[in-house]
Amino acid sequence: MKCVEVHVIDSSAIFQRKAVYRNMVTVPEVVAEILDEASALYFSVKNFRVEEASPESVEEVKEAARKTGDIHKLSDTDIKVLAKALDEIKKGNEVVLVTDDYAIQNVAMSLGIRFDGILHRQISKEFKWVKVCRGCGRRIESEICPVCGSEAIIRRVKNDKNRNSG
């Protein structure tokens, strides 16, 4: 199979009407988010393919998002956009995920998916997020600390990964 450059498009690219690539694909969940008339018109005149993401890739994305700590920041649509990018990579295509969403970019980086921002600078480092107790500072999994009963907050774990090649 011939390697093709494919741009997987997040809804932000459609809302900004900045998706101007030759080979564009998105998922049905993104199409469902298009509510304004200008974006709907833009979407209808561009040559988008709309395809489902595979359940296997959805699970891979969820696992990666759990590892980075972004799982609670991603919508089902975000997860499926990332999964579609993985599907295209598995087909042997050269993939660029087009999004301004930093959580999507972070998970994409952890999965080795190239990405481009639309209006905002893209991330250059991968971040890991963890829940910690607001009261005692312990790392926890739940929303309430089982030790002291305080609420969880999300904190970034510092690291120096700089792996985006896009």
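Placed from the backbone N, Cα and C atoms, the Cβ positions cover glycine too.
Looking up the ranges 8-13, 92-97, 122-127 in Swiss-Prot, the one annotated as region 'Flexible linker' turns out to be 122-127. Listed in chain order, the extra residues whose Cβ falls within 8 Å of the Cβ center of the Zn(2+) site residues Cys133, Cys136, Cys145, Cys148 are Arg134, Gly135, Gly137, Arg138, Ile140, Pro146, Val147, Gly149, Ser150. Counting in whole angstrom, Cys133 (Zn(2+) binding site) lies 26 from Asp101 (Mn(2+) binding site) by their C-alpha atoms. Here Cys148 (Zn(2+) binding site) comes close to Cys133, Gly135, Cys136: these same-chain residues lie at least six apart in sequence, with C-beta atoms under 8 angstroms from its C-beta. Distance noted between the C-alpha atoms of Cys145 (Zn(2+) binding site) and Asp101 (Mn(2+) binding site) is 29 Å. Mean model confidence for the domain 'PINc' (5-106) is a pLDDT of 92.
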